[in-house]
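First the structure, in the form of structure tokens, and then the observations on it.
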């Protein structure tokens with residue numbers, strides 16, 4: 001079985017795109033991140049390699065169009081990008097609406113249920129996403145501390 005990067009390269013070639021150093025840099029950055037990266041972070045991290053902002057945008061646009069990455073809401077309307085299966089392990093997100101912390105939920109028990117839900121429609125599932133939005137323990141504590149005192 002090919003590793004994630006080999007599969008990424010194979011996918012680019014199969015779809016008629018070259019595997020360039022710039023595309024590899026962006027892929028490796030996304031692959032190494034434990035959470036979705038805002039485009040500003042991708043640009044910032046990649047600048048040292050000489051890749052400009054326009055190229056990063058085009059690469060992310062290409063990766064999105066051919067199903068290598070997808071945009072993920074990461075709080076307060078911000079969007080991050082992350083690799084999708086099979087280019088990365090399958091997981092979901094727990095997003096704090098207070099501080100924008102994103103936690104990966106790696107133990108997906110939805111696979112069988114999702115298959116059952118879509119079966120009547122005849123779809124072949126490629127992947128599914130789930131984001132749960134709430135308040136992390138730290139933000140809950142801050143919210144409690146800032147609550148008006150009722151006497």
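Positions of Cβ are set from backbone N, Cα and C atoms, glycine also.
Feature annotation from TrEMBL assigns Fe cation binding site to 90, 111, 128. What TrEMBL records for 96, 99, 136, 139 is Zn(2+) binding site.
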Tell me the Cα distance separating residue 96 (Zn(2+) binding site) from residue 111 (Fe cation binding site), rounded to the nearest angstrom.
24
Within 8 Å of the centroid of the Cβ atoms of 96, 99, 136, 139, which other residues of that chain place their own Cβ, given that this set defines the recorded Zn(2+) site?
97, 98, 100, 101, 135, 137, 138, 140
Run through the Cβ atoms and count how many others sit within 10 Å of the one on residue 139 (Zn(2+) binding site).
16
Round to a whole number and give the Cα-to-Cα distance in Å for the pair residue 136 (Zn(2+) binding site) and residue 128 (Fe cation binding site).
24
To the nearest whole angstrom, what is the C-alpha distance linking residue 139 (Zn(2+) binding site) and residue 128 (Fe cation binding site)?
28
Rounded to the nearest angstrom, how far is the Cα of residue 99 (Zn(2+) binding site) from the Cα of residue 128 (Fe cation binding site)?
25
Which Cβ among the binding-site residues (96, 99, 136) has the fewest C-beta neighbours inside 10 Å?
99
Using DSSP and collapsing to three states, where does residue 99 (Zn(2+) binding site) fall: helix, strand or coil?
coil
